[in-house]
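In Swiss-Prot this protein carries:
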TRANSMEM  1-21  transmembrane segment
TRANSMEM  37-57  transmembrane segment
TRANSMEM  68-88  transmembrane segment
TRANSMEM  111-131  transmembrane segment
TRANSMEM  147-167  transmembrane segment
TRANSMEM  179-199  transmembrane segment
Amino acid sequence: MISYYFQGFALGAAMILPLGPQNAFVMNQGIRRQYHLMIALLCALSDLVLISAGIFGGSALLMQSPWLLALVTWGGVAFLLWYGFGALKTAMSSNLELASAEVMKRGRWKIIATMLAVTWLNPHVYLDTFVVLGSLGGQLAMEPKRWFALGTISASFLWFFGLALLAAWLAPRLRTAKAQRIINILVGVVMWLIAFQLAREGVAHMHALFN
């Protein structure tokens, strides 16, 4: 059964490593050393719920509800455009230290709300967990399925805590004005690129619904 664990771990790692909204948010919180371990835990727990739902049968709900998929997609587009705009606005600020200080003033609950939006309004999360993992893990018998899910969940926990701790460790180098400007530009551009990609997918979904 251990082979199913490592299959799940490898697939989970492959899906979570690319830079996306979740990773960017965890990295920034790590650099700020602001509730970064709490955010890593909440991201990993969110993945645990989504992965379990996808592998143990929840994928059918998404696949059979095109309007739900469309709603999640356009909600994700709106959020990513807003999130990217905020990052670019901070990067282009004439007083980057003041802009960064304003971000640091955000309370715990606002940070948690942003994390939940970053996770649950990202349609790619549902495609990864419900479609990819659901189609692969759903074919397995119950015992191998459990090991496969455990491997995928382990990759998520290891990655988010590793990213948060690494970012916090590198914080003295990454907190400089130049580094912060580069990071915010990178995050903003990536968020907008993902948003435009999702918008194209959303248009295709809407076209399919009305034809």
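Every residue gets a Cβ built from N, Cα and C, even glycine.
Of the two recorded stretches, the transmembrane segment (68-88) lies close to the transmembrane segment (111-131), with three or more CB pairs under 8 Å once pairs fewer than 6 apart in sequence are set aside. Within the chain carrying the transmembrane segment (147-167), a Cβ under 8 angstroms from the stretch's Cβ atoms is held by residues 1-2, 4-13, 16-17, 22-23, 26-31, 36-37, 39-41, 43-44, 47-48, 51-52, 55-56, 133, 136-137, 140, 174, all 6 or more beyond its ends.
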